[in-house]
Amino acid sequence: MKRFWADLHVHSRFARATSRNLDLEHLALGSAEKGIQLVATGDCTYPAWRQEMKERLYAEGNGLFRLKPEIERPLMATLPSGCQKEVRFIISGEISTIYKKGDKTRKVHHLVYHSSFDAADRFAEKLAKIGNIVSDGRPILGLDSRDLLEITLESGKDSWLAPAHIWTPWFSALGSKSGFDSIEECYGDLASHIFAAETGLSSDPEMNWRVSSLDRYRLISSSDAHSPAKLGREATLFSCEMGFQPLRHALETGEGYVGTVEFFPEEGKYHADGHRNCHIRLNPKETLALDGLCPVCGKPLTIGVAHRVEMLADREEAIPPATAGEVSSLIPLPEILGELLGVGSTSRKVAERYTESLRVLGSEMAILHHVPLEEMQAIHPLLEEAIRRLRAGKVIRQAGYDGEYGVIRLFEKEEMEKLTKGGLLFPVTEMVKPSRRPITKTSLPSDDNRAFQASPNLPNVDREDLARDIPNYPMLSTLDSDQKAAALITDKALMVLAGPGSGKTKMLTQRIAHLIQKKAIPAEKCLLLTFTRRATDELKARVKQLLPETESPPIIHSFHSLALDMLKKDSKAFGLAADFRIVDPQSLKKAFMEMSNLSSKRADEALERFSLLKKSGEVGDLEEEILRQSLENLKQDNHWLDFDDLLIKVVNGLENNASLREKWATAFSFLSVDEFQDIDIWQYRLVWLLTGRNTQLTVIGDPDQAIYHFRGADSECFTRLQQDFPEIVCRRLNRNYRSMADIVAAANRIMPENKGQALRGQGDKILLYLASDEADEARFVVQKIEELMGGHDMLTAQNGKNTAKSQETAFGFRDFSVLYRHNFQAKAFEKAFNQAGIPFRKTAPIPITCHLAVKAFIEKIEQSPQETLQDRLIVLKNITTELAQENQGEEAVLSPADREQAYSWLKIIAEKSGQQSHTFFLEQIALANEVDFHDQRGDRVSLMTMHASKGLEFSAVFVTGLEEENFNLHHQPDNPTEIAEEKRLFYVALTRARDYLFLSYAKKRFIYGEYQKQTTAAFLNLLKDMLVTETPKKRLFNDRKAQYSLF
DNA sequence: GTCTGAGAACTTTTT
DNA sequence: GTTCTCAGAC
């Protein structure tokens, strides 16, 4: 079988910091020049690159691809005859995963391979749900390595994955900085699907052979080329048939695998340990003897790759395992020529001689490996000797360290001088290899001194409480005294005023679990009411954790879903048509606009106004009322209900029908309402109606966090409740388990009435950033996130004790949240995050019905109602085909991507709807938001409005846009209700933070097409003395360049 | 009625 | 910068 070289790791021009001419043609050309016959496509998740591949490549039928003949033929003709060998492509890509696992932030790069465009498409489609795959050819995803492997395996039957450059400290499976101690640990239960690992430029197989856990992996070497010139600088040699399967088989079994060509690892920038500035270069043993400290400056040394090998090594000598292949080391021909000519390897002289070499001698691999030595004379008198020494491994190595490139030479300086003067060659002095002697293994620095933990410890005082408290309630065992006292009140109406981070959800869930378990209250008699679907989901999840599997869970609803459920169950009694359904706001608006001839904006205004009128019971002017009535008629004719109707119909129905009311007032014996401060009058009435003689009512909330007054929330609800339930017991939870003391202190400044009690450590000072504009503000956020995730701080030594304080906590993307007052402020952050490759999730609820394609589907679904899942799926498939036919050629309204997107959403909804009715299915579509479909495995930074952040918490929170203009919307400086609500909103925002709180405002902001001067929000003055302020730094690089170094 | 251009107003927060 | 409105011209 003929041997061939493969370069299995390259990039396209769509990856960051790559050459602009990295297209398929240049990849083929470059490979041919180097003598590479199989080259990776790279970047296979990038849509435009995949498109290019589909246009220019054809499948050979063996899982590999080749340039179409009409492209390849003229291309190859431009090459010297010795290089004219066909080049195959293998579909591949590199994925960077960044996530938190254990107590470390992990950053691992992976290589994936697919044998068809289908598999690559599926793979990309799945990753698109996890994060952003269009901002970079090598996407950064907040995804566990194991999950990435799973997605790879699901994408195609023979798709495979290998960890990339496994020893690089910052981004690899075994990296000292952010990796694991073994490949198995990295990929968890799926690790058995890994059969190959890439060694990377700064390690060679010999280093790997010291680590027995790597014995089972076949090693591959590749160039990781960012430009055509770098292709094939490392490569893997095969002797199998040319094909995807044979290649995979070779790596799995060794059959057809020959070995690798490597750089001399010493050439890498971080091979040895040391300090560049102090001119100290050490081998790992020397470093250990010095306790990792620099003998010159006393600071921790920068640890190199060789050191990490020592740490994980469990063999004293490098013993080739059974999987080992042949290994040869090389120096790129341009470097050799540079040395011989006494010029730089990128000089024109070298380039000329290089071209000449290819013409006369053949491809670079051939020259370096097997072109007969005597032919070298034609190029340079010393090339023969140079290549002889290279092939014999007799080279001079100076290891790189602390960012300084290593130097590999073939001739000593003096020797070179003599030789060029025509002197005789003399034997090369034996090069001293870097120490391979055994070194005492040291353990990794422990992370035990972390300043805090994710789950708060109870203060001592409460531990005592627990000891003497009624011991018999295991369900309540982790509650503090106040929480427990509240939880145990079950015979009277209860009102709990709970400050931020006081553990109210914990109290609530444990209480319910306790009731169900200990008091034997039937779960279906317990009702928990929330405002949002998200809160509902969270409560469900947390209750589920508390209750044993066998126990049925309590009923958990949002107000609206409860109302819908009630209307469904008793539609007749509520006076509704049996086939009523919720109309999604888009459809309603559309119908309303058609009916009324109003503009989009006016229609929005009218609908909003009607909603307020309806909720408050007020009456508008005559004209309004006429329009409103026709809207009501429109809904009636279509059997539509909007969100407001749900509650109003239920309340009116119960109030007007005694037996119906009796039924529902006895339906639940325990009724708990969360976030009570945001309740509106209809919700209040519903609660009242559901509370019968034997219903125990519990409400939980925080008046300081009331932020929905504008929407009709009734700020007097707590007072009113006390009037309606004179018996009610009121409890306060003021301990703040969530936030560091400085954050609690800031919150107390804003709301001095109800001071929270800080229980955690002091924490960092709150930082206030004075951004010059919104782009600068976004840049600040990006930079802070990177800093906290330990992105690129090359000077932080792995075992140093002086690591940045950010190293105390490991961060995943989900630990960060960026909050703003208005949705439009998200734009600057989205842009900056995309540029930096930080995955984010914007939780602005965009209904999927906003999409034309979804609307097109809905129209057709309505025409063909189905009642079973199977039929529904068939209909969806048919519609897809129909829409594809309707959208051909120039006239197409919907792109294939739009259609596929809509189809995949609707399919998921159909599957979730199961055998439910047609109207239920349509309702689910109407209510679905884009965010509902994000793959939960994806770890992302959250972007959301301050309102949306209610009830959430994050390790690090950025409260942005703190300008008066953002908070004083009607420019009425003396509207006390509004000012108070905005202040509460700010309070909600800053109390979301657990560990780090960053505030920022912009001096000017681009609004309405021009920069507008902004003024600092008034309430920031309250915090003045407790903030550390930071101002924009002068930036040395332009944006784009600066971005390249990150992650 | 329909077209055009100038000028005004504008982007809250959501089940 | 965009969208909408209104007045005035056709």
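Including glycine, each Cβ sits where the backbone N, Cα and C put it.
Residues annotated as region 'Disordered' in TrEMBL: A:436-464.
For A:440-458, the entry in TrEMBL reads compositional bias 'Polar residues'.
Residues or ranges marked as domain 'UvrD-like helicase ATP-binding' in TrEMBL: A:477-740.
Long-range C-beta contacts of A:Gly503 (ATP binding site), restricted to its own chain and to partners at least six residues apart, with a cutoff below 8 Å, comprise A:Leu479, A:Asp480, A:Gln483, A:Leu733, A:Arg735, A:Tyr737. Under DSSP, A:Gly503 (ATP binding site) is assigned to coil, being neither helix nor strand in the three-state scheme. Here TrEMBL flags A:Ala498, A:Gly499, A:Pro500, A:Gly501, A:Ser502, A:Gly503, A:Lys504, A:Thr505 as ATP binding site.
The feature domain 'UvrD-like helicase C-terminal' is assigned by TrEMBL to A:735-995. Here the domain 'UvrD-like helicase C-terminal' (A:735-995) returns a mean pLDDT of 82 for the predicted model.
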Output the one of A:Ser502, A:Thr505 that, of all these binding-site residues, has the highest number of other Cβ atoms within 10 Å of its Cβ.
A:Ser502
If the ATP site is taken as the center of the Cβ atoms of A:Ala498, A:Gly499, A:Pro500, A:Gly501, A:Ser502, A:Gly503, A:Lys504, A:Thr505, which further residues of that chain fall within 8 Å of it by their Cβ?
A:Asp702, A:Leu733, A:Asn736, A:Tyr737, A:Arg738
Taking the Cβ of A:Gly501 (ATP binding site) as the reference point, list residues of the same chain whose Cβ is under 8 angstroms away and which are at least six residues distant in sequence.
A:Asn736, A:Tyr737, A:Arg738, A:Ser739, A:Gly756, A:Glu953, A:Thr991
Which number gives the other C-beta atoms within 10 angstroms of the C-beta of A:Gly499 (ATP binding site), all protein chains shown included?
25
Tell me, how many other CB atoms lie within 10 A of the CB of A:Pro500 (ATP binding site), whichever protein chain they belong to?
27
